[in-house]
Amino acid sequence: MAQLYFYYSAMNAGKSTALLQSSYNYQERGMRTVVYTAEIDDRFGAGKVSSRIGLSSPAKLFNQNSSLFAEIRAEHEQQAIHCVLVDECQFLTRQQVYELSEVVDQLDIPVLCYGLRTDFRGELFIGSQYLLAWSDKLVELKTICFCGRKASMVLRLDQAGRPYNEGEQVVIGGNERYVSVCRKHYKEALEVGSLTAIQERHRHD
């Protein structure tokens, strides 16, 4: 039986690398995969999933208006799909998460979703909220804070490198805008108004 998987983490935990490896594993066995990524995130070029270690794959784009079940069913009828993989799945809508569950339940195709659990305010993304609620399997991909603890929070930095937790939920950026930290240092960095000061303090403790 196919299942719906949600692989979640903070930033820079290797989600895209894990997705590309999973897709490769299917293809190596002669199976066909379809990869989706969010249209909104074009840091590495539109229409592909890229990892920080240099791997990449062509990808279909989804936005808030995409009818994922209809798209996948139509393509599956043309040529059998053995696995659907979705990067940046935090940007899915509630309806799209439901449609992906229908891909699993009605078409018997496994769906592997990779994304962030929470935003820079510590709030769940809509897509992540419903994947946490409806997935068959939840898998945490771990990354670490500068202190060595598990990083479960994401700090957003302004142009001067100062952390803040107000404003639009979605601002596309890489390492220069977002930093993964543990909960303790997330709170301390916001209180002090400086991630650098917290890192320096930790080094001298």
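A Cβ is built for glycine as well, from the same backbone N, Cα and C atoms used for every other residue.
Feature list (source: Swiss-Prot):
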- GLU88: active site, proton acceptor (ACT_SITE)
- SER9, ALA10, MET11, ASN12, ALA13, GLY14, LYS15, SER16, ASP87, GLU88, CYS89, GLN90: ATP binding site (BINDING)
- CYS145, CYS147, CYS182, HIS185: Zn(2+) binding site (BINDING)
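Location within the structure of each feature annotated in Swiss-Prot.
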| residue | record | Cβ contacts under 8 Å, 6 or more apart |
| --- | --- | --- |
| SER9 | ATP binding site | LYS15, LEU116, ARG117, GLU140, LEU141, LYS142, THR143 |
| ALA13 | ATP binding site | LEU141, LYS142, THR143, ALA151, SER180 |
| CYS89 | ATP binding site | PHE6, CYS113, TYR114, GLY115, GLY127, SER128, LEU131 |
| CYS145 | Zn(2+) binding site | ALA151, SER180, VAL181, CYS182, HIS185 |
| CYS147 | Zn(2+) binding site | CYS182, LYS184, HIS185, HIS202 |
I'd like to know which of the recorded positions ASP87, GLU88 has the most other Cβ atoms within 10 Å of its Cβ.
ASP87
For LYS15 (ATP binding site), what is the secondary structure by DSSP, using just helix, strand and coil?
helix
Using the Cβ centroid of CYS145, CYS147, CYS182, HIS185 as the reference point for the Zn(2+) site, which residues of the same chain not in that list have Cβ within 8 Å?
ILE144, PHE146, GLY148, ARG149, ALA151, VAL181, ARG183, LYS184, TYR186, HIS202
Around the Cβ of CYS182 (Zn(2+) binding site), how many other Cβ atoms lie within 10 Å? Please give the count over every shown protein chain.
19
Which state, by DSSP, holds HIS185 (Zn(2+) binding site): helix, strand or coil?
helix
What three-state secondary structure does DSSP assign to SER9 (ATP binding site)?
strand
Determine the Cβ neighbour count for MET11 (ATP binding site): the number of other Cβ atoms within 10 Å of its Cβ.
20
